[in-house]
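Asks: Copied straight from Swiss-Prot:
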BINDING   28-31, Val61, 77-78, Asn153, 159-161, Gln168, 311-312, 316-317, Gln323  UDP-alpha-D-glucose binding site
BINDING   Cys52, Cys55, His115, His164  Zn(2+) binding site
ACT_SITE  His166  active site, tele-UMP-histidine intermediate
BINDING   Glu182, His281, His296, His298  Fe cation binding site
Amino acid sequence: MTQFNPVDHPHRRYNPLTGQWILVSPHRAKRPWQGAQETPAKQVLPAHDPDCFLCAGNVRVTGDKNPDYTGTYVFTNDFAALMSDTPDAPESHDPLMRCQSARGTSRVICFSPDHSKTLPELSVAALTEIVKTWQEQTAELGKTYPWVQVFENKGAAMGCSNPHPHGQIWANSFLPNEAEREDRLQKEYFAEQKSPMLVDYVQRELADGSRTVVETEHWLAVVPYWAAWPFETLLLPKAHVLRITDLTDAQRSDLALALKKLTSRYDNLFQCSFPYSMGWHGAPFNGEENQHWQLHAHFYPPLLRSATVRKFMVGYEMLAETQRDLTAEQAAERLRAVSDIHFRESGV
């Protein structure tokens with residue numbers, strides 16, 4: 001009888017953060033593709049675009065003028081998804097038609113005044129300032145809201161509506177679905193194992209190495225064993241850290257370096273500005289000790305085979321179970337094979 005080989009045979013991998021299984025089909029990786037293709041952005045963007053709503057000194061669609069900022073710039077989203085003064089929804093006991101009020105705020109963070117430079121093209125010093133801004137915003141909003149979601153949608157393929165490099169910060173009066181699930185499952189693991197799930201996971205990955213993409217003094221980026229997206233990564237501190245606000249100065253500056261190395265490898269993989277959605281998850285601000293939590297960032301990039309061919313989460317993925325072709329180990333190997341110095345900086 002043929003012996004099972006995870007490189008050749010379909011199998012399922014369990015994601016302990018979500019409680020869901022992922023179908024891995026490595027034998028499909030060589031199938032021909034005649035479907036839709038993305039059009040990668042080839043144009044060279046200017047350092048300042050007079051028509052951009054996010055550039056320094058420009059007027060936004062609301063008529064508000066941006067200051068002549070020189071570092072990061074944060075403002076309340078002109079089209080915020082959440083409002084702080086939402087009235088209470090009427091109480092409902094209908095099990096099929098439940099509703100509750102959602103309060104919060106939505107902010108935009110411009111990473112720098114340079115319209116042309118995404119995260120991997122910024123200096124480590126500039127990236128350190130971005131991390132510091134994430135910390136400050138999280139600390140401020142965490143005084144009012146239990147959940148603060150820092151995230152970035154990079155590229156038109158991920159629905160980004162403005163090419164000026166920026167991220168967003170949403171704060172919620174509730175624990176969103178993904179956060180609630182991670183909170184519950186990490187708490188269950190902690191009760192059973194007497195240690196934080198992702199602290200244990202970092203040690204396993206450090207010992208294994210096959211899924212490692214970037215390692216610095218304080219940080220580790222891996223294609224997680226249970227990755228759903230082709231080149232998905234999980235960025236974690238090596239030490240136990242509950243929230244981004246708890247980082248030491250050394251961890252913060254080293255995180256900037258890790259972010260530059262990781263995002264540079266992404267861009268270098270297909271020699272393009274690699275699209276992704278990324279965001280931070282940390283312990284909620286709920287007044288509890290939350291020792292089961294470990295700070296981490298998820299990177300979800302859609303590209304699969306090239307700068308023009310992406311992964312679609314449709315059909316079986318929507319109706320049954322998430323499926324991927326490349327194994328996590330194969331994806332990590334491909335990311336390790338490219339330089340962590342951005343191709344535009346290296347002159348390639």
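From the backbone N, Cα and C atoms, a Cβ is placed for every residue, glycine too.
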Asks: Least buried of the binding-site residues Arg28, His115, going by other Cβ atoms within 10 Å?
Replies: Arg28
Asks: Consider the binding-site residues Arg28, Cys55, Asp78, Cys160 and say which one has the Cα lying nearest the Cα of His298 (Fe cation binding site).
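Replies: Smallest Cα separation from His298 (Fe cation binding site) among Arg28, Cys55, Asp78, Cys160: Cys160.
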Asks: Looking at the binding-site residues Asp78, Glu182, His281, Lys311, Glu317, which has the shortest Cα distance to His166 (active site, tele-UMP-histidine intermediate)?
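Replies: Looking at Cα distances from His166 (active site, tele-UMP-histidine intermediate), the smallest one goes to Asp78.
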Asks: Sequence gap of 6 or more, Cβ distance under 8 Å: name the residues on the same chain that satisfy this around Cys55 (Zn(2+) binding site), in order along the sequence.
Replies: His48, Asp49, Asn66, Pro113, His115, His164
Asks: Measure from the Cα of His281 (Fe cation binding site) to the Cα of every one of the binding-site residues Cys52, Asp78, Cys160, Lys311, Glu317, then give the nearest.
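Replies: Its closest listed neighbour, by Cα, is Cys160.
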Asks: For the recorded Fe cation site, enumerate neighbouring residues of the same chain (Cβ within 8 Å of the Cβ centroid of Glu182, His281, His296, His298, site residues themselves excluded), in sequence order.
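Replies: What remains near the Cβ centre is Leu17, Glu178, Leu234, Gly279, Trp280, Gly282, Ala297.
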Asks: Looking only at DSSP and grouping its letters into three states, which state does Cys160 (UDP-alpha-D-glucose binding site) belong to?
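Replies: Where Cys160 (UDP-alpha-D-glucose binding site) sits, the three-state DSSP reduction gives coil.
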Asks: Compute the C-alpha separation of Cys160 (UDP-alpha-D-glucose binding site) from Glu182 (Fe cation binding site), stating it in Å without decimals.
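Replies: That comes out at 26 Å between the alpha carbons.
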Asks: Residues other than Cys52, Cys55, His115, His164 within 8 Å, Cβ to Cβ centroid, of the Zn(2+) site?
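Replies: Near the Zn(2+) site, the remaining chain residues are His48, Asp49, Phe53, Leu54, Asn58, Asn162, Pro163.
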Asks: For His164 (Zn(2+) binding site), list the number of other Cβ atoms lying within 10 Å of its Cβ atom.
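Replies: If we count other Cβ atoms within 10 Å of His164 (Zn(2+) binding site), we arrive at 24.
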Asks: Measuring Cα to Cα, how far is Lys311 (UDP-alpha-D-glucose binding site) from His296 (Fe cation binding site) in Å?
Replies: 24
Asks: How many neighbouring Cβ atoms, not counting its own, are there within 10 Å of the Cβ of His166 (active site, tele-UMP-histidine intermediate)?
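Replies: Excluding its own Cβ, His166 (active site, tele-UMP-histidine intermediate) sees 20 Cβ atoms within 10 Å.
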Asks: Have a look around His298 (Fe cation binding site) and count the other CB atoms within 10 A of its CB, chains all included.
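Replies: Summing over all protein chains shown, His298 (Fe cation binding site) has 20 other Cβ atoms within 10 Å.
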